Amino acid sequence: MASSYLSLAARLSQCWISPWSLCCLYILMQFFLFTKDLNTKIGDFVNDEQATCNYIQEKVDILLDSPSLIANAAVRVAKDGIQSTVKIILSGISDSLIAAENVFIFFIEFSYGTYLCLIQLAIDGILDAVADVGEEIGTAVNDTLHAIADEIEDTVSSLNEVFQSAEDSLEKVASWLGEDINLPNVSIPEIQSLRNFTLSSSYDTEFEKLKAGVNFDSAINATKAAISKPFSSARNLILEKVSNYSFDTSMVSSPNKTHVVVCSTDDLTAISSFILSSIYKIRKVVIISLLIIIAGLFLISSIYEIWKWCRIRHKAFLLDEHIRSNKFEDTRDLISYIESPISWNLKYFISALPLPCFLSVQLRWFITYIFHPPAAMILFISCTSFISGILQLVLLNNIREDGSVISALAQNSFHKVESALANVSVAWANSTNQIILKNQENINNNMFGSIHNTTLSLNSTLNTFMNELNSSMTSAFGDTFLASTVQNVMNCLLYRKIENFEEVLTWVYNKSHIELPLLPTDILSKSIDNQTIYSSLYSSLNSSNSTVSFSGIFDRVEKSVISELNFSFLFFLLWLLICAFGLIGVLSSWLKSLFLSLLDLVIPNPKENITLPVQSLAFPVTKSCRPPPIPPRESHVYDFQNFQYEEDDCIDYKRSLGLISLSSDLAIDIPISPAIISDIQFNSITTESEETTYLLKEKQDRY
């Protein structure tokens, strides 16, 4: 190599080494190590998942065996409940039959008693009436007969007197005739019997016999016997069935045992493959993206190096022109430009804004301060850690979404177990209910058949009686005016009571059956509620049998990533603290300037300050002070303000001067006057030819 500066090829060989590319490489390596560690943890989880699956299967088998135990207990409870229900119902029906029998007998006795009372009342009335009338008739008859007997006797006496007179006359005549005439005396011996006759009081004996004969006891007893016989037989049958009834549990079968596979090796393989493939896809996308970004940064850095190479070559010849045009208000600004052209261009852009001069300078200083290499390094560390953590969280969130397959496994297991229990419960409940219905049918047919027959027979008898009675009444009275009256009387006295009895019999007929309670279809599945199933399966997924749980992996890794993000946030806070220091510096500078301005207004200074175009001098200089002498040529000090290049000299310099490679080379190639250090700008008057000769000689000696 003919020179010590770096050529374009040397520059391009290191163009990939930049803060941005190093940041991307750091993120890439950290993300790669993160995914590798995550794959290892997930592999451990998949290896232990089989044990967890077996544990879940054991829990599921226990849950699926529980219906048989519940069914046995339910059958025993149902047996006791049905037997107690049947006994209570049949005992109640037996009591109802007794009550119905007594109601019937009461009605009959009531009806018989009513009519008996009416008949006896009528007979008693007749007897009383006859007795009163008979007594009066007897007295009248006896008196009349006595009077008649007396009248007859008087008449007979008169007749005898007449006959005696006639006999005397006839005897005189007969004596004349020589005949003996003897007329008989008229006598009625029955007159004494008539006088002694009295009307007997035994004429009402028949009525008394009728009264004594009006007695319905035999009819009532016969009716009681006729009515009590079917009721007693029905009641005895019910009591016999009650004492002998027992629910046959041998007919009830046990629930069918079922088996549900909640997870298998294929499922576990599919789940692990799915999660690992998701991690692989995300890692591939992130790595490819980072590699593309690094390649783009490499291309940009290469273009930037080429552009900077050409720019340095061009700026090397125009440097004096820039200095001459006072683009750099301060010589230290030139050094800043050489060290960091991007930062200087940003400051130059800010200076172009329509801001006050002091504010523009302070803003440029603040940007330089917060992006100074130490502060920029802290900001780069913070951003790099933050981006790396965000990428890791994105990967975790995507895997967490993919990990919902594990939750879906538990959920599917939950639905499978729930569906299996529901099917077993429905099948067993239906078969058991059929047996209960069969027992119910036997009870209704065997125990209540006689009650049905009795009530139907009584209803039929009452209907026949009413029809026959109506026919008799119709045939007796026909279309006479008494038909309606008799019908109303019969309706009042008999028909309504018979209709009420028919309603009672109908009610007994309708109620003379039993309805046994049926088992609900969810009797087995409802006993094991959904929360119990889900809690059992979920606890199995996170049981102690599994050394690594899916949620535990995410929790630990997420905590680590969050800690990294917290550290990046701390670095960012540290950079913000540096920004605060910069703001404090800007504020203190502004206060200092304000204080000096106020001080100049209050206390005028007779001396003039020799100042730079922007910053104030560190010490005052009087007006009459002359500048220091021109330093000797061997001190390598040049006047940057008044130096002029000739065109030929620039051409010779272009041929003889080596290309400036770096900002440090540029700083070495162009020595800076000591006046920069002392904050004093020297505007020395020098001869152009001497300066040009010295510059060319110096450069030829160096290169």
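Using N, Cα and C of the backbone, Cβ positions are placed for all residues, glycine too.
The structure displayed is predicted, hence computed values, not measured ones.
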Margin query: According to Swiss-Prot, one residue among Asn185, Asn609 carries the annotation N-linked glycosylation site; which one is it?
Written below: Asn185
Notebook entry, point to check: Taking the topology from Swiss-Prot, would Ser228 and Leu437 be on the same side of the membrane?
Noted result: yes
Check: What is the pLDDT of the topological domain 'Cytoplasmic' (588-703) when averaged and given as a whole number?
Finding: 47
Check: Can you tell me how far the Cα of Asn470 (N-linked glycosylation site) sits from the Cα of Asn221 (N-linked glycosylation site), in Å?
Finding: 27
Next item on the list: Could you round the CA separation between Asn459 (N-linked glycosylation site) and Asn453 (N-linked glycosylation site) to a whole angstrom and send it over?
Entry: 10
Next item on the list: Express the distance between the Cα positions of Asn453 (N-linked glycosylation site) and Asn510 (N-linked glycosylation site) as a whole number of Å.
Entry: 12
Item checked: Listed in sequence order, residues with CB under 8 A of Asn221 (N-linked glycosylation site) and six or more positions away -> none
Next item on the list: Inside 10 Å of the Cβ of Asn453 (N-linked glycosylation site), count up the other Cβ atoms and send me the figure.
Entry: 13
